[in-house]
């Protein structure tokens, strides 16, 4: 049943992800990471807080712990849980870069993901180990534990439901059909996520409106918990009346966020004409331009088009407070990327031979680097295997004996051994994250998402390390590997069933949040120190698709092609007539050694090269304008192939013409090395 509960929780997030596509600037990977943050960071924080205040209240008032738990369930817990679930968004919003570059849609969808993770944790703690006693019925599974039996929906019901709950009380209609419950934690956090977006993005007098979504979520949460801890009351009737419209609340919140963001994007694009594609400027049709470019070379061009749109949305949201300066790094990056897309907007441009080899060369990945990446992926994959077998393969009635193996005998000890190894891996990852805390805030100064992703990973690692340490301590004490993590008669029913071996399995799954980032994030440090704004944008947001765009552009673009919409031909023609000044690039927009050399010769500059020195191009006044360097590991910051540029006065500049110093990142523009 674990697989079905996870599928139901994730399906609700995917539904909202698809609906948010027109205005969302955060990527799918970041949204899925937020689900894990909801499980491990928010879940751990809420458990610690609730365990602490219930014990303190019981000791101060001399009341039984059970009575305190039942009372605080509807008086204190709703506020605590809703604030804890949304706290990651409140914290990352403290960074000006995040609150300026994220729209209301981004805050809303990430709030939904955090709530889905938190609710999924509750469901797993309660019913992940009940595969052996589950009864197949009504297309799903019933856990026979009370008159209002918990029901886990089957695959067909999950796929045909709106925001399905991982588990909910069985609700039979008049005709005997099952009504799949709505995922309440996801609903509440989606609404509160919109409130956080209003808090961080609205102007001063509108900020108090952020309290309305929080108040609505807490009120319904309180009503729900009150009804669960009392016999038949008017609260049950109120909940019954609200049930048909509960699923519409996150939809309304998301549509409100999308509408506000569409207005912001429309206004910003009119103020940023240099970030539009040629087809957009000519016809005003963004969808047609994106669909045409995306059809040129699968999978590269669809990824480039979609990620470019998200990158531009970040700029547009930032521009809502005032148009950025034409030389602002993010604006330059978006405009330069739009130019590259225009130059490669031709089917023949993407038919160049050896494209994958060019991409590998542009990424600069050595054999040692690829080995390290492979190990960084292999280690967590191996460590997570017992948990996948235990909670995944063993979660069905027909395979319940697999789950039984891990809950008795040597199974729990095996889980503990893997959990100890996982704790070591988490500690190492956490030390790396903490060591790069400040560097992350400065190494990629353009984009909010890499910064938020780093903070999300850190929060998840801290939560996992805390939980893992508690589990290890309990397993080595009287509880053993088969005992309860939390003593009986304590807090929530979910925590009361939190067995040590289940905790070990969930700890192993937390490694999913610490998987090495994709190619884009992995290259962010390299490109950000080499190509300034554009390098950071391409690496951190476009990933390998951005590297592919650089490689194709360096190979000559689509200027000579006859297919496509013609935008690439127009762009290249204009560049050829007006030179680098027209394109805003000091090396003609080229990013490979051979194409830069060819371009420099066309400028009439003389080529010189000593026996062991780099190729240089000297103008008629004797100034070295271009120096092509293959890179050397002995020179700090110059280990990758790059070009150094000077203007007519002999001053060092970056491709955008900005003055730089010899050791500054802008003086080392990464290129594809394709010379002999």
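Any Cβ shown, glycine's included, is placed from N, Cα and C.
Annotations in TrEMBL come from automatic prediction, not curation.
Residue ranges 37-58, 59-80 are listed, and TrEMBL annotates 37-58 among them as transmembrane segment.
Here the transmembrane segment (178-200) has long-range neighbours at 8-9, 12-13, 16, 38, 82, 85-86, 89-90, 93, 98-99, 102-112, 114-116, 118-119, 122, 138-140, 151, 153, 157-158, 161-166, 168-172, 206-207, 209-214, 216-217, 220-221, 224, 243, 246-247, 249-250, 253-254, 256-257, meaning same-chain residues at least 6 beyond its ends whose C-beta is under 8 angstroms from one of its own. Residue counts of the region 'Disordered' (647-676) by helix, strand and coil are 3 helix, 6 strand, 21 coil (DSSP-based).
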